[in-house]
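What TrEMBL lists as domain 'EamA' is 10-143, 158-295. Residues annotated as transmembrane segment in TrEMBL: 12-30, 42-60, 72-91, 97-120, 127-146, 161-177, 189-209, 221-241, 253-272, 278-297.
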Amino acid sequence: MQTNYEHIKIYTLLALCVLFWSANFILGRYLHDALSPITLAFYRWMGVFFCILPFLIKEFKPIMQALKKDFIYLSILSILSVSCFNTFLYIGLQDTMATNALLINSVFPILVLVLAFIILKDKISRYQLLGIASSTVGVVFIVLQGDFQKISTFELNRGDLFVMLASLSWAMYSVLLRYKKITLNPLQFLTTTVTIGLIVLSPFYFIYTDNFAYDWIEVKLHWHFIAFIIIFPSILSFLFWNHGILEIGAEKTGQFTHLMPIFGAILAFIFLNEMPKFYHLLGVVFIFSGIYFSLFLKRKR
């Protein structure tokens with residue numbers, strides 16, 4: 001049984017995970033004119049691969065044993081998380097507004113609950129439903145800047161579709177992570193998924209890239225942003241997220257994605273000098289209320 005300290009530790013790691021992903025969201029949009037989505041995704045995971053290469057060599061035997069036993073399962077997880085998720089997200093950020101993307105992203109916990117119900121036969125409690133509803137209202141309130149009349153102007157375009165596909169692929173990954181128990185520890189698992197995911201992603205980069213010299217120039221110009229994406233949203237966030245799913249489940253872990261608009265507002269204030277508005281405060285109230293309903297209320301009863 002987990003202690004309060006263990007719960008606080010898990011929740012802190014998940015909050016940091018979402019903070020790093022919020023920064024990835026901002027950087028993905030910031031770099032969309034300099035680097036194509038497939039280029040950013042390729043160099044991101046190539047960088048991660050070289051970071052974990054020594055570990056891959058050291059842990060080669062247990063990784064190969066796991067692959068022999070669960071190759072298809074591990075390949076599916078790798079494709080959903082590494083090959084698809086961020087590539088789809090970066091493609092979406094080429095064409096969609098941040099408001100649309102955040103609205104679509106707020107559907108993620110609902111996707112997790114539905115997929116967990118279908119695949120894992122998990123039950124959905126009334127507290128989880130109440131928490132999802134409250135958090136979603138908070139997210140919608142923030143992205144619409146407190147003006148619900150803006151919903152009438154919401155239109156689905158190519159970018160929206162790819163952001164939706166990104167959310168779906170990550171929700172599927174989060175649920176399938178609990179479908180079968182594997183023998184790999186967190187670092188071994190990360191090493192395995194990154195390696196397989198990069199192998200799947202690489203042919204698409206070489207097929208759809210016209211000017212490799214130009215790509216390399218842009219990568220060198222923006223190396224510090226890419227290095228940040230490699231270390232924080234990729235390596236650390238993946239470790240934190242996987243740990244959260246294994247400890248408290250995909251449904252509760254998914255609720256933390258509702259913190260993204262809050263972190264987005266904070267990052268905008270720090271780096272863009274944008275002052276928080278009243279609708280941010282109201283949105284925060286709904287979001288934290290939703291997290292409380294989903295994570296704490298049932299456990300206290």
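Cβ coordinates are placed from backbone N, Cα and C, and glycine is handled just like the others.
Where the annotation comes from TrEMBL, it is an automatic prediction and has not been curated.
Fair warning: this is a prediction, and the values are worked out from it, not measured in the lab.
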For the transmembrane segment (127-146): best-contacting stretch of 42-60, 221-241, 253-272, 278-297, by Cβ pairs under 8 Å: 278-297
For the transmembrane segment (161-177), sequence-distant contacts whose Cβ falls under 8 Å of one of its Cβ atoms, 6 or more beyond its ends: 73, 76-77, 80-81, 84-86, 88-89, 91-93, 95-96, 100-101, 104-105, 107-108, 111-112, 115-116, 119-120, 241-242, 245-246, 250, 253-254
Per Cβ pairs under 8 Å, the stretch of 12-30, 42-60, 189-209 packing most closely against the transmembrane segment (253-272): 12-30
Among 42-60, 72-91, 189-209, stretch most in contact with the transmembrane segment (12-30) (C-beta, under 8 angstroms): 72-91
Segment-level pLDDT (mean, integer) for the domain 'EamA' (10-143): 87
Helix-strand-coil residue split for the domain 'EamA' (158-295), DSSP-based: 119 helix, 0 strand, 19 coil
Within the domain 'EamA' (10-143), residues counted as helix, strand or coil by DSSP: 118 helix, 0 strand, 16 coil
